[in-house]
Amino acid sequence: MSDLTDIQEEITRHEQQLVVARQKLKDAERAVEVYPDDVNKNTLQARQQTVSALEDKLADYKRRMADAVSRKKMDTKPTDPTGIEPDDHLKERSSLRYGNVLDVNAIDIEEPSGQTADWYTIGVYVIGFTIPIILKALYMLSTRGRQTVKENKGTRIRFKDDTSFEDINGIRRPKHLYVSMPTAQSTMKAEELTPGRFRTIVCGLFPTQIQVRNIMSPVMGVIGFSFFVKDWPEKIREFMEKECPFIKPEVKPGTPAQEVEFLKRNRVYFMTRQDVLDKNHVADIDKLIDYAASGDPTSPDDIESPNAPWVFACAPDRCPPTCIYVAGMAELGAFFSILQDMRNTIMASKTVGTAEEKLKKKSSFYQSYLRRTQSMGIQLDQRIILLYMLEWGKEMVDHFHLGDDMDPELRGLAQSLIDQKVKEISNQEPLKI
């Protein structure tokens, strides 16, 4: 509907309807105050929905009106015979044609897209919901994340569950969990939840619940995360007791041999790392940790906690703030991100194509994780990541899922049968299984 007259008529009609609807809403509110029965409550809810729908439609028509006026101005603008726009500063026409007009009115430069999120506000918002809706939303944004993002890109979605509701004047209403699904051009507010921020905060707050329900992101499944977390307490305990190549203790004469051996262990290096982290706290993250400690969240306070690796089960894009001051946790996430890059490099290497096509299939999970985590105020200890790689790198690579689980003999036999049948029914080249 591009005609200005028609749009103006629709705006006038909807404004009149909105006046009537708001009056009916006031009457319904008074009726509920006098007789708060189910009939009046349902009527009130219906009136509220009607007003909301009319307001949305009116706003849409006003946007259309603004667009139509803008287009009309552009159409009536006199064109310069030289082909130069009237406000262009060039004296002669450029060799480049004029492209799109990029509208930057919606961008707030006080809150650039690369900013650090307001983790305290985000954490308080998420903790205010029931566990079921949080975990179901996490499942939709991790296990089924690619599909959910694809279907809802560029919108602000609402998760709804019967366990999440609030009572307003005796009326039970759904309490929606809002998550923004940005595009590359979107500018996010500091307190706005995106899929990446949601996975980060929920993984950090509720790793035990995630472990019990075995919620896992596909990108973690294919690097053998299930194998890694099996017998984690024993695995990390053995790791801590091994000799650390980066420690050379200054031993005084007469020191017992047992104490000398202890001072060379990984555990001592982690204790030193913990001392460094304890001096680098950020006030907002400390507030979040204190707030979380007073409620249901189960954030690990030690790398040896049984639920510690489950913080990364849903592939958060940085170390969750609730465990960023636990020695070795941020580095464990970096170790997982390197494994993801290693698997993608293997997959890219075995595919057929040019070197450029193969490079496109590589990833940079590690660089992204490193940048995002360090923006939260800590520097990762590369030596700890190296210790993890030396200890578990080989066995993790052996447990990668590389999409080639078929036995070579079985594959060869199946391919020969395919080739034979294709030759019988056509003269086309058979595809590879």
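Placed from the backbone N, Cα and C atoms, the Cβ positions cover glycine too.
The annotation region 'Homomultimerization' is assigned in Swiss-Prot to 1-79 (among others).
Look at Swiss-Prot and you will find 69-90 tagged as region 'Disordered'.
Annotated region 'Homomultimerization' per Swiss-Prot: 100-125 (among others), in sequence order, evidence recorded as similarity to another entry. Per-residue pLDDT, averaged over the region 'Homomultimerization' (100-125), rounds to 71.
Long-range contacts of the region 'Viral RNA-binding' (175-217) within its own chain (CB-CB distance under 8 A, at least 6 residues past either end) are made by residues 106-108, 111-113, 115-119, 121-123, 125-127, 129, 131, 133-135, 137-139, 141-143, 145, 148-149, 152-160, 164-166, 225-226, 229, 292, 296-300, 306-308, 310-318, 320-323. Residues or ranges marked as region 'Viral RNA-binding' in Swiss-Prot (evidence: similarity to another entry): 175-217.
Here Swiss-Prot flags 377-425 (among others) as region 'Homomultimerization'.
Secondary structure by DSSP for the motif 'YxxL' (178-181): 0 helix, 4 strand, 0 coil. Residues or ranges marked as motif 'YxxL' by Swiss-Prot: 178-181.
According to Swiss-Prot, the feature site 'Important for the endonuclease activity' maps to Asp88 (among others), an assignment based on similarity to another entry. Counted within 10 Å of its Cβ, the other Cβ atoms near Asp88 (site 'Important for the endonuclease activity') come to 13, all protein chains included.
The Cβ of Asp103 (site 'Important for the endonuclease activity') has no same-chain neighbour under 8 Å that is 6 or more residues away in sequence. Annotated site 'Important for the endonuclease activity' per Swiss-Prot: Asp103 (among others), in sequence order, evidence recorded as similarity to another entry.
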Task: Could you check what DSSP calls Asp88 (site 'Important for the endonuclease activity') once collapsed to helix, strand or coil?
output: coil
- prompt: Looking only at the region 'Viral RNA-binding' (175-217), what are its DSSP counts of helix, strand and coil residues?
  reply: 18 helix, 5 strand, 20 coil
